[in-house]
Amino acid sequence: MSMMDSESVQAESAVKDGIASEAQGGATGQLNDGQKGSWPVRRVLVAEDETLIRLDLTEMLRDEGYEVVGEAGDGQRAVELAEELTPDLVIMDVKMPIRDGIDAAAEIAAKRISPVVILTAFSQRELVERARDAGAMAYLVKPFSQGDLVPAIELATSRFAELKALEKEVGELTDRLETRKLIDRAKGALMNAHGMSEPEAFRWIQRAAMDRRTTMKVVAQVVADTLSVKPKTAK
């Protein structure tokens with residue numbers, strides 16, 4: 001057997017061994033050393049004015065593998081820490097001094113800093129609706145267990161990710177629509193000012209964007225501003 005054939009056989013064998021190893025790992029549900037630690041650790045900010053509850057909550061989070069990056073004892077401090085630390089999640093008690101927890105949660109949610117899980121000792125519909133309207137992604141009713149914590153956190157982070165993805169998609173669609181309208185205006189301006197046909201005007205904008213290494217939207221905006229189509233006045 002030639003050296004090249006030998007190397008091919010060794011490579012094929014290595015690939016098969018790798019596939020078998022992955023299949024075995026998947027079947028047993030175990031992670032190999034290379035896979036351990038591959039999941040990102042969620043960074044959590046805890047906002048709770050009752051010290052004992054805050055300590056218990058922090059311990060639960062750490063036991064579940066979360067990293068507690070900050071603690072706040074009032075709503076205003078919670079907002080400040082959220083802006084400073086940009087955690088992956090904020091757990092916020094409803095009843096907080098200085099600033100109401102729902103009001104603080106509303107600011108954090110409005111700024112899209114982090115998803116918020118609301119803690120409350122009550123489960124009245126009005127309170128739940130207030131938390132929802134404030135932008136909270138999930139809520140927990142006290143007393144809660146460690147087993148209740150993880151599903152609420154994962155639900156909140158999942159909903160927040162979906163919201164941001166949807167907003168990004170809407171933003172991109174809006175931008176494309178605005179770009180299309182702007183290019184139509186620019187084409188009209190070129191056709192009116194220089195007697196171009198519509199295809200000629202479009203190609204002119206396209207070439208100008210390529211030559212200047214910029215977007216057609218930027219070129220169209222300049223053209224529209226410079227050669228804006230003005231309504232003809234009757235003589």
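Glycine residues also receive a Cβ, built from the backbone N, Cα and C atoms like all the rest.
The feature domain 'Response regulatory' is assigned by TrEMBL to 43-157. The 4-aspartylphosphate annotation in TrEMBL covers Asp93. Annotation comment: TrEMBL describes 163-224 as domain 'ANTAR'.
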Residue distribution over DSSP helix, strand and coil in the domain 'ANTAR' (163-224): 55 helix, 0 strand, 7 coil
Tally of residues which DSSP labels helix, strand or coil - the domain 'Response regulatory' (43-157): 55 helix, 25 strand, 35 coil
